[in-house]
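Working notes for the structure below.
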Amino acid sequence: MCFSATASFSLGAALIPVGIACLKKAQEEDRRYMPLAAFPLAFGIQQAIEGLVWVGLGANHTRLVALAAAGFVCFSHGFWLVWTPLTAASVESDRPRKQIWRALTGIGLLYGLYFNLPLWLHQRQLAVSIHNHSLVYQLQLWLYPTRLLVLLGYTLYVLTILAPLVLSGDRHLQRLGGLVLVALLLTANFFSAGFISVWCFFAALVSLYVGYVFLQGLEPRSQPPLA
């Protein structure tokens, strides 16, 4: 599969209006689902930003690459680490689980700051290259990671994003989580070098499911009632 500026811009252009429509629908039907409704819009903006990374690399425009790559990482290593558990907390009816998702939101915020603060202070901490038609983002972190720390970091990253979806008490989030998990497995098996970029691209595609959910109308009992 060939990823490109055209692919990213096209997906972004498709997702942004879907996200706006979802937000309007959530506002009318159930405001607890506003964070979920924002998924297509956020992914659309992220893909548009990555399109600029492709354009900058093609034109050898280092300033554009630096700014766009930092914007992409702000989403991939910041926004989603907070927004995903926050989304789960907003619709969760089980109080213990709701507290877990809230705690995970705080962890995601701290983890996101760990990734992004170096970029805000010094953009040279991030390098971008093209490998097998996909983008590879390399972050220079404050702490030089050992192999074990890298593994733990990846595990925490994936769990912070996947666990609130897959283990949610809400069926919409569970199904979305299943699709994101499939996207993760496909990426890990076939596009491991550009893991973050490709997983985000596939997850953006998967977010069209959110549009389907709101098009069909929210199920009145997607989870158990509040105790």
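Cβ from N, Cα, C; glycine included.
According to TrEMBL:
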TRANSMEM  6-23  transmembrane segment
TRANSMEM  35-57  transmembrane segment
TRANSMEM  63-83  transmembrane segment
TRANSMEM  103-121  transmembrane segment
TRANSMEM  141-167  transmembrane segment
TRANSMEM  179-212  transmembrane segment
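For the transmembrane segment (141-167), same-chain residues at least 6 beyond its ends with a Cβ under 8 Å from one of its own Cβ atoms are 77, 80-81, 84-85, 87-89, 97, 101, 104, 107-108, 111, 114-115, 118, 125, 173-174, 176-178, 180-181, 184.
If you look at the transmembrane segment (35-57), the same-chain residues 6 or more away from its ends with a CB under 8 A from one of its CBs are 4-6, 8-9, 11-16, 18-20, 22-23, 25-26, 63-65, 67-69, 71-72, 75-76, 79-80, 83, 86-87, 90-91, 128, 130, 135, 172-173, 176, 197, 200-201, 203-204, 207-208, 210-211, 213-214. Within its own chain, the transmembrane segment (6-23) has Cβ neighbours under 8 Å at 34, 36-48, 50-51, 54, 201, 204-205, 207-208, 210-211, 214, counting only residues six or more beyond its boundaries.
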